[in-house]
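Have a look at the structure below, then the notes.
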Amino acid sequence: MGFSFYLLLLFVDLALCSSWLQGRTLPHMTSDVNDLSGKSFDYIVVGGGTAGCPLAATLSEKFSVLLVERGSSPYGNPLVLETKNYGLSLLQTDKYTSVAQSFISNDGVPNLRGRVLGGSSAINGGFYSRASEDFVQKVGWDKEAVMGAYQWVESRIVFKPELTPWQYVAEFSFLEAGIFPYNGFSLEHIEGTKVGGSVFDEWGRRHTSADLLEAGNPNNITVLLNATVKNVIFREKGNRNETIARGIRFIKSDGNSSQTYDAYLNQPENSCSWGDVILAAGALGSPQILLLSGIGPQKHIKKFNIQLAADLKGVGKGMKDNPGIALLADSKPKNFPPEPPKVVGIADHFKIIIEAGILPISLNATVMPIAAKLAFPESEGKLELNSTDPRENPSVTFNYLAKEKDWARCVKLGQLLERVVRSESIAFFLGLERKNELMSTEDELRKLCKKNVRTFYHYHGGCSVGSVVDKDYRVYGVKGLRVVDGSTFLESPGTNPMATLLMLGRYQGIKILEDRN
């Protein structure tokens, strides 16, 4: 993207953003690390992403909260907030400051992670769909409380989308391929073809999880931007040698300085009323911070000369990513406007999720991928440290399609993709001749899976419930430390995890408040 064009976009959007923010009450936001160094709060939330923002907003109803985000504010950024710029932020990546941070897993598959207040809800497709009832029951959440938390989110940042011509075509092509029944608009995770919710409103403006901070008590929230947490600070209490979280140590995110700063938890005389450090830094960030804090497999931690705080072998284990395959509706790039997906096909007993969008590959060219993912992969990998610099990506391996069952499911996924791409609806819309030749053989589809496996950006694990945290999301062996984000999931819920992560922040925030009472 030309720099002058970007400046023009920024100038126009800053003017629009200024009028849009008038009358809104957002908490104090600062990038001044010196201003917060040495200060204390009732709760410290690390990661202002999809789960972190609703969690901080909820806790602020009764307590002071420091929310630390390694990226910048989304407000005023035209690449984040406007539907017309959907996908462009994924093309504008750098090492320290871009809202999307790129990384390549050890599998050789390119991937991205959010680095902005709002997290991945600021860079994704904005498709909103709840987890299934089976998922809620499996993880042991209270059904009524979950619904209340979903509705709290939905009343603020979720909208019923208007379908574009391409989304109508996607809808018809899914039905042609046999993805039934047709469910119309629904926020539920149900088999068939449906229109989901969206965080893009009717004016084409994105609403990220950062908007949920407005629902909290702005006088109780301080947001520290452009600061990366290096590790959790611990202290020992008495003769029992308990490991207790006392605060956090952080550095500037810009890469120009390694100077550290500290922030602490308030420590009332009654130890039962202490708050927590809560990691909500995502499936890569949270296990990385635990390892940097000395919590994880002892052998790996000692390799980096980090003092061991808790020998917790599950940290970084069970990393999963949903393998995906994409076929282009037309091999030639177009100049259609970028477009996030609004319709989804849920097939093969919830095992295959398929959607269609329009993605930019440059300022004036787009492609039209039909993409599908395996919902419940059996293959899993691990996350380890690359260095002791928290700004560096950790080393992560997902082992895509390592299990034979995943290969077999990928073949079925490929067959479904071919039926959709060769549908009459897509051929008519693009003015192409419909292809009627025989479908690919199983061997050809296996080669397609091996060559073209990609991410759906729904990676999870590394701090799983039962191995790293308990049912209340407290880290085993450490007091005053929790993890509340997608790193705790054993599977990615719903069509994608965003709705459930937004809900989880609110749900766990309420539980913490109730427990304090």
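Glycine is no exception: its Cβ is also placed from the backbone N, Cα and C atoms.
Residues 29, 47-53, 69-74, 77, 80, 86, 89-90, 98-101, 143, 146, 150, 154, 158, 187-189, 196-200, 206, 208-211, 223, 225, 253, 282, 340-342, 344, 350, 355, 357, 457, 491, 493-496, 498-500, 502-503 of the same chain, all 6+ positions outside the domain 'Glucose-methanol-choline oxidoreductase N-terminal' (114-137), place their C-beta atoms under 8 angstroms from a C-beta of that stretch. Taken from TrEMBL, the feature domain 'Glucose-methanol-choline oxidoreductase N-terminal' applies to 114-137 (among others).
For Val116 (FAD binding site), applying a Cβ distance below 8 Å and a minimum sequence separation of six or more within one chain yields Glu69, Gly71, Ser72, Ser73, Pro74, Asn77, Val80, Val99, Ala122, Ile123. Look at TrEMBL and you will find Val116, Val229, Gly486 tagged as FAD binding site.
Taking Cβ pairs closer than 8 Å, the domain 'Glucose-methanol-choline oxidoreductase N-terminal' (282-296) reaches residues 46-47, 49, 70, 103, 113-114, 119-120, 229-232, 234, 306-313, 315-316, 319, 383-385, 388, 390, 393-394, 396, 459-463, 468, 475, 477-478, 483, 485-487 in its own chain, all 6 or more past its ends. The annotation domain 'Glucose-methanol-choline oxidoreductase N-terminal' is assigned in TrEMBL to 282-296 (among others).
Around the Cβ of Cys410 (disulfide bond), the same chain contributes Pro323, Ile325, Leu374, Leu401, Leu445, Arg446, Cys449, Val453, each under 8 angstroms and 6 or more positions distant in sequence. TrEMBL lists Cys410-Cys449 with the feature disulfide bond.
Neighbour list (Gly486 (FAD binding site), Cβ cut-off 8 Å, at least 6 residues apart, same chain): Thr50, Ala51, Gly282, Ala283, Tyr459, His460, Ser492, Pro497, Leu501. Figure note: comparing Cβ neighbours within 10 Å for the recorded positions Val229, Cys449, the maximum is reached by Val229. As a whole number, the greatest separation of Cα atoms within the FAD-binding residue list Val116, Val229, Gly486 is 18 Å.
Helix, strand and coil counts from DSSP across the domain 'Glucose-methanol-choline oxidoreductase N-terminal' (282-296) read 11 helix, 2 strand, 2 coil. Within the model, the domain 'Glucose-methanol-choline oxidoreductase N-terminal' (114-137) carries an average pLDDT of 98.
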